[in-house]
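J.: Have a look at the structure that comes next, please.
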């Protein structure tokens, strides 16, 4: 789920924090990608006649086709992807995971009813709601990536938290995921729609945390409190407080604790046994991989092993896979060329061809605590 309504809220109250770019704008950029989110997208989008792709044995192959071709597309545009896989979910997420199981059970029931009624559109809708990324999906994608010469990392816990740590440490330019809580984990730059289908023609959205904090007049700890009020995967929110009200309250009272002290408990009852302090700690001090121990390396694809796996085992067309391997090898030759701005120190929150807007007076003071939650210093 991420953070409820955060993307729309930022668009409404801090629009200068969002840029929209074409994929070609990221030539030479290293990007940490939330692997589970991407695989989920592939299982939803890569379909034939409404059903997931399967081989003759009935094994799902949509995730492999999506991972293979979307990764090649990124490489052809000069992007160097590193996929980060989820580890063990934090205990705080158990409530959210239980709710998801309940929703899947309800979707299963509705699917059976739609099938009995012959309602094709409803069948497709509820089938997609049952999609779940499994350990087998993850393991097969890891194997595919290793054969393609694309690096991947196993996070100890939430992938988006480790993606954020890689950005903060300067190992990659941005974190790519649809989950907005990557910003709550402190990622300086978040990219959305990077692995979306080309057919959707969605521009890549780029969110800059420093500009969000500046526009809202918040530090990272206060932004975390705002996100908890909006609704996250880790604890309940206070019912009756919408996005605009949440912003007003955090700007006025500066912390959840002070907000709770001032609220009318009859009008805005605080959840029983509210775990907001635990959620604060999880966002500010998440369990992440050590960026300094990470060495990212992109290597030549292993064509024959790819053929053996994708064609021999998974029954993809050999002609198409070999064509993909040729594209991948060719893209590596072009992507070795670096970006010009890699050779210079880039200042400001928006380092792009677009001119940076002048900062309002006093903004420097507001930025003093930006990124205070991060454990890692940004690399050179």
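Glycine is no exception: its Cβ is also placed from the backbone N, Cα and C atoms.
Relevant sequence annotations retrieved from Swiss-Prot are reproduced here:
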type	residues	note
BINDING	34, 86, 158, 160	Mg(2+) 1 binding site
COMPBIAS	363-380	compositional bias 'Basic residues'
MOD_RES	19	symmetric dimethylarginine
MOD_RES	80	N6-acetyllysine
MOD_RES	187	phosphoserine
MOD_RES	192	symmetric dimethylarginine
MOD_RES	197	phosphoserine
MOD_RES	293	phosphoserine
MOD_RES	335	phosphoserine
MOD_RES	336	phosphothreonine
MOD_RES	354	N6-acetyllysine
MOD_RES	375	N6-acetyllysine
MOD_RES	377	N6-acetyllysine
MOD_RES	380	N6-acetyllysine
REGION	1-104	region 'N-domain'
REGION	327-380	region 'Disordered'
REGION	336-344	region 'Interaction with PCNA'
J.: Around the Cβ of residue 80 (N6-acetyllysine), how many other Cβ atoms lie within 10 Å? Please give the count over every shown protein chain.
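T.: Cβ-Cβ neighbours of residue 80 (N6-acetyllysine) within 10 Å number 21.
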J.: Excluding 34, 86, 158, 160, please set out which residues of the same chain place their CB within 8 Å of the center of the CB atoms of the Mg(2+) 1 site, keeping sequence order.
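T.: In sequence order, the nearby non-listed residues are 36, 37, 84, 155, 159, 161, 162, 163, 177, 179, 182.
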J.: Taking the Cα atoms as reference points, how far is residue 192 (symmetric dimethylarginine) from residue 158 (Mg(2+) 1 binding site) in Å?
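T.: Spelling it out, the Cα of residue 192 (symmetric dimethylarginine) and the Cα of residue 158 (Mg(2+) 1 binding site) are 17 Å apart.
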J.: By the DSSP assignment reduced to helix, strand and coil, which category contains residue 160 (Mg(2+) 1 binding site)?
T.: helix
J.: Tell me the Cα distance separating residue 293 (phosphoserine) from residue 160 (Mg(2+) 1 binding site), rounded to the nearest angstrom.
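T.: Between the Cα atoms of residue 160 (Mg(2+) 1 binding site) and residue 293 (phosphoserine), the distance comes to 18 Å.
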J.: So, in DSSP terms, is residue 86 (Mg(2+) 1 binding site) helix, strand, or coil?
T.: coil
J.: How many other Cβ atoms are found within 10 Å of the Cβ atom of residue 86 (Mg(2+) 1 binding site), counting all protein chains shown?
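T.: That number is 20.
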J.: Taking only the modified residues 19, 80, 187, 293, which one has a CA atom nearest to the CA atom of residue 158 (Mg(2+) 1 binding site)?
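T.: Answer for the nearest of the modified residues: 187.
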J.: Using C-alpha atoms only, work out the spacing between residue 187 (phosphoserine) and residue 86 (Mg(2+) 1 binding site) and round it to an integer in Å.
T.: 17
J.: What Cα-Cα separation, expressed in whole Å, is found between residue 86 (Mg(2+) 1 binding site) and residue 19 (symmetric dimethylarginine)?
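T.: Cα-Cα, rounded: 27 Å.
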